[in-house]
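*Asks:* Below is one structure. I have some questions about it.
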């Protein structure tokens, strides 16, 4: 690690990291559904309940005749701006799915550009098929793609789930990000001492067991939030280690294309995770 690596981090990676992180996760709050109820007008002979799409009129339930009123005292979003609730509540989820599809194509396109700008362009493109279907390497490559898919799905899923975890969604999301900081600080010496593979396995086990433990019959938002933070710490660690481990798996001439394919496999998760959260809600 020298001046060149330091300058790359300070002047290239960090300036890109902040806007990328904002772009990747601001939609959690842009698509947040604030409390709402059916709008009532003077003379209406019905009352509306919070977060209900139907009202009782003359003994029968009908959709809100005058639209909806939203509680924007805490925050506003595209949901209250365009009334994306009830029969339109899937539109916000669809926006997240489209974002994931864009990431999938972006990984493939820019990975191909990366491969085309390196030396031995034609060699790299043609050798990709050889390395992908070579029997020993195909198993390692498939496992690498599966690990990337699993890690990205859990990491993005936990990030999206912070807003609907219960309690204050802003505090939940803050804690979800804050628990990653000590993980990254400890990660470097741990990797240097125990290696990438051991760290990856232990991190995924911690994250997986913490997520599974939420199914225990123990009630309380504090218990769920604690398990959530432990799971986020574990998956954050493996989320950092996995690209390092995967990049060393591919030969130099196909590394860019191999990593882009791994990124494509990982981006399948963010396409389906919003759909899962939508079913839960």
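Keep in mind that glycine also has a Cβ here, set from the backbone N, Cα and C atoms.
Fair warning: this is a prediction, and the values are worked out from it, not measured in the lab.
Checked TrEMBL, it gives:
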type: TRANSMEM; residues: 90-114; note: transmembrane segment
type: TRANSMEM; residues: 149-167; note: transmembrane segment
type: TRANSMEM; residues: 173-191; note: transmembrane segment
type: TRANSMEM; residues: 198-216; note: transmembrane segment
type: TRANSMEM; residues: 222-245; note: transmembrane segment
type: TRANSMEM; residues: 257-276; note: transmembrane segment
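In terms of burial and nearby residues, how do these features look in this structure?
*Replies:* If one looks beyond the transmembrane segment (173-191) by at least 6 residues along the same chain, the residues whose Cβ comes under 8 Å of a Cβ in the stretch are 25, 28-29, 158-159, 162-163, 199, 225, 228-230, 232-233, 236-237, 240-241, 244.
Here the transmembrane segment (198-216) has Cβ contacts under 8 Å with residues 147, 150-151, 154, 158, 187, 190-191, 224, 227-228, 230-235, 237-238, 241-242, 245 of the same chain, all six or more residues outside its ends.
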*Asks:* State the non-local partners of the transmembrane segment (257-276) in its own chain: residues 6+ outside its ends, Cβ under 8 Å from one of its Cβ atoms.
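*Replies:* Sequence-distant neighbours of the transmembrane segment (257-276): 93, 96-97, 99-101, 103-104, 107-108, 110-112, 114-115, 124-125, 128, 131, 141, 144-146, 148-154, 156-157, 160, 243, 246-247, 249-250.
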*Asks:* Would you mind listing the long-range same-chain contacts of the transmembrane segment (90-114), meaning Cβ under 8 Å and 6+ residues beyond its ends?
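*Replies:* For the transmembrane segment (90-114), the sequence-distant neighbours (Cβ-Cβ under 8 Å, at least 6 residues beyond its ends) are 27, 31, 33, 78-79, 82, 84, 160, 256-257, 259-261, 263-264, 266-275, 277-278.
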